[in-house]
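Student: Pasting a structure here, questions to come.
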Amino acid sequence: MAITATQNDGVSLNANKISYDLVETDVEIITSGRRSIPAHSGILASVSPVLTNIIEKPRKIHGGSSKKVIKILGVPCDAVSVFVRFLYSPSVTENEMEKYGIHLLALSHVYMVTQLKQRCTKGVGERVTAENVVDILQLARLCDAPDLCLKCMRFIHYKFKTVEQTEGWKFLQEHDPFLELDILQFIDDAESRKKRRRRHRREQNLYLQLSEAMECIEHICTEGCTLVGPSSNLDNKSTCQAKPGPCSAFSTCYGLQLLIRHFAVCKKRVDGKGCVRCKRMIQLLRLHSSICDQSESCRVPLCRQYKNRGEKDKKMVEDTKWKVLVRRVASAKAMSSLSQSKKKKSEVLFKEEAEDLIRIRNKLM
């Protein structure tokens with residue numbers, strides 16, 4: 001039921017299930033503007049442990065009144081009224097959050113009102129701008145609001161050129177150099193992470209391309225494609241008489257076929273030494289040999305020779321890099337095969353379900 005717990009501030013307080021309209025207020029909250037807000041100690045103590053400690057202290061009598069006096073100073077009177085009303089009925093309007101969000105955040109932290117602090121953290125975070133982000137960040141650090149701190153840091157990172165032109169940033173540079181250093185360090189770390197992610201994506205794309213190239217080499221040497229087939233001899237110009245149509249990875253496969261044709265007829269190719277294109281082909285064949293697990297029956301040229309030779313690089317650093325490359329390409333190939341297998345299985349299941357539905361429909365007709 002509704003209760004009347006204010007006299008001059010015009011803020012009505014609501015309580016659910018319990019009626020306090022017949023209970024006399026025993027606490028008087030005084031604001032900076034000397035506004036008096038009557039309240040019930042039972043309500044205040046049930047929500048805020050800080051107010052509980054204040055209420056339990058020996059009572060001081062003021063002007064013959066037996067009410068406990070609690071002073072909440074340093075914030076607007078209306079903000080205190082909204083704060084007290086929240087203790088009775090946990091609700092804050094958008095307009096109140098717009099006007100008193102930062103004040104309510106400070107009050108919720110000081111008086112340990114967790115529910116209000118969570119709402120203020122979210123509400124204030126939604127209202128961050130280039131002009132107020134520095135002030136909100138400082139308040140968030142004082143109020144131990146890590147989520148709001150992180151949001152402000154990210155905002156400054158994304159719009160740093162705009163933020164550094166504001167008065168808040170200039171004030172920060174003059175009066176809080178340690179916070180400025182923390183912000184710049186956060187921006188530097190974020191940029192470093194972004195560069196690492198970009199490099200990782202480029203590397204993953206490279207491994208996927210090499211994995212696709214390995215599959216295309218096996219496809220060319222086993223099944224054949226438009227230009228080169230399994231009956232081709234890399235040491236002469238002969239090609240398959242029957243040429244199949246383009247495969248699903250034709251863009252990669254076509255380039256490899258041209259590379260294989262060149263490798264077969266290049267006059268500079270002598271014991272692995274030759275032009276750049278020949279060296280590239282040798283590297284691809286060597287990479288295939290390193291990840292191939294069927295070298296005895298493999299139809300890719302030089303696969304068995306490279307496997308048996310077990311060649312070693314002259315430098316250990318190069319050998320280590322090569323091993324890492326082989327391992328990651330093999331992993332990318334395995335993941336690609338797994339995804340393709342799942343896709344094929346789903347297509348088969350979908351086809352079977354469709355056939356079952358057609359069969360059932362035909363029976364019903």
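Keep in mind that glycine also has a Cβ here, set from the backbone N, Cα and C atoms.
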Student: Please identify the range among 75-98, 99-122, 315-338 that Swiss-Prot labels region 'CaM-binding'.
Tutor: 315-338
Student: Restricting to the region 'CaM-binding' (315-338), report the mean pLDDT as a whole number.
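Tutor: Averaged over the region 'CaM-binding' (315-338), the predicted model reaches a pLDDT of 71.
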